[in-house]
Every structure is written in C-alpha cells, then in structure tokens.
Amino acid sequence: MLLNQYTFSAERCTTPTSISHPPLACPTSPPPTNSLNRYQHKPVTLAPTVDHGCEINGTTIDCIPKDSKFYQLIMDLKQLLAGKGLSNEDIDVEKVKQLMADYDSNEIDWQHLALHDPSRNYSRNGIINLNGNANLLILVWSPGKSSAIHDHADAHCCVKMLAGELIEHLYDFPDHEGEELQCRQETSMKRNDVGYINDSIGLHKMSNPLQNRVSVSLHLYTPPYASMYGCSMYEASSGRKHHVDMSKYYSWQGQLVNEKESSTC
C-alpha cells in the first residue's frame, strides 16, 4: 500500500533534531504528578498473548536492524524501565522524554512498522512490550482525522512525532455528566517534538490537521493500563463517559493482526 512517500506493508501474521515546538503539557497546566490513582488498577504485568494466530505483547524485537538508532532507543527505554514496579510512581518521566527527544526520526527505521488502515481515523501498531510495565506503539493518523476525547487510565503517555503534524486539544475532566467539554488549550506537534500527558493534566484528543498525508507518532504508555484494562472516551457535548477496550492492535511488529476490529478511541 503506497501512502504519500511511505510504503506500508500489510501482511497478515500467521505465526505465534532539536525540539522547536511546545510539548503536550502546556506551561499553564498543573504540574504533572506521578500519583494518579483515578482507576485503582491491580498491579498485574502485561504478558505476551496470541491474537488471530499472532503472538502479541512480546518482549523482544527482531524486525529492526540492531545498528539503527531506533533500535537503540528501544533498548535504552527497556533498560531505563527494567526493574521498575508496575506503578506510576516508579517511572522517571523526564528521562523517558529525554531518550525520545534524542532520537532523530528516520523513516527508514520504522516505516515497515507503521501500517495504516485508511478507513479508520488512526491505526495502532504494537512495537514491543517493555519488561511487562510499558508498551510502545506507532500510531498512523489518517488525513484530517482525530481521536475521540479520552483519558489515559492512570498511565503516563509520552509522545514522539515521527512524521507529519498533530494538534493536541486539552480538556478538563467534567465535574458531572451533562457538562459540555470545552477545549482549554491547543498545541501543535511536528517532526521530532516530544510531549507528555497523564490524567492529572486532563483529557485530550489528537488530530491530524494535514488534509493530504498521514501523520505518524510514537507512543509509550507506562504502566500499560489501557491495553490491559481499557480507557474511557468522553462525549464532547455532554461529558458522558464510555469504556473502550484498547487491547486489539491493528498490527504487531509489522504483521497485520486485526484488519477489521482493531481498537481505537
């Protein structure tokens, strides 16, 4: 499948530089805290499993050249998170962000992992399970499309722009159902920008403002609560909350897994 300058493989699996734009967390937001605890999740680690005959959530990766900087980023993240408990208080977010910022995006490194379903707003491609307490994904955003307004299930979310542009729309949690959600901040992210959000900052939605090309972003979620327990999306007109299962990837390590039923919010 040829999309703009990228060629994305869609084979079904049959075996088990400097940041010049503001970050996601705007300066006027409350300072991030590692103590979230909105959901009270049980401390169960993310384990490998099988989906449509393909092993997902594995902790190793062989489909990236070991001499690439992208592979080195993954290994650095894995080492940083090694030995950490499955608790949001254990994570050094600033070090995670710095590692992601140090990587200069190169399409050759990751384009075979960035599969895209043009019929959906965005496609979630699983890359690796980091020690059972974090997962790394590449999201491919269809032109002009966005996610729903959503939370992050008491997890930290670090985002690295790999290509294109995204706009973050930031919202406060509603005090009660029936309250219309008002966007309080919009932030643009372009190639190599790194951002961060957790539930103490608020809700957000992400949108691709480009009308003629996809945008691509790298996401690290730690702990990986959304994949394990799901998250919540919110109706903009009423603040009504809906639980969403986020366990189904569109692809895993470049192999198509869920062509028709992958999870998005």
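Just so you know, glycine gets a Cβ as well, placed from its N, Cα and C.
Keep in mind that this is a model prediction, so the values were computed, not measured.
In three-state terms derived from DSSP, His152 (Fe cation binding site) belongs to neither a helical nor a strand segment and is classed as coil. His152 (Fe cation binding site) counts 23 other C-beta atoms within 10 Å of its own C-beta, drawing on all protein chains shown. The annotation Fe cation binding site is assigned in Swiss-Prot to His150, His152, His204 on the grounds of similarity to another entry.
If you look up Swiss-Prot, you'll see 24-33 marked as compositional bias 'Pro residues'.
Annotated region 'Disordered' per Swiss-Prot: 14-34, in sequence order.
Listed in sequence order, Leu203, His204, Lys205, Cys231, Ser232, Met233, Tyr234, Val244, Cys265 are the same-chain residues six or more apart from His150 (Fe cation binding site) with CB atoms under 8 A from its CB.
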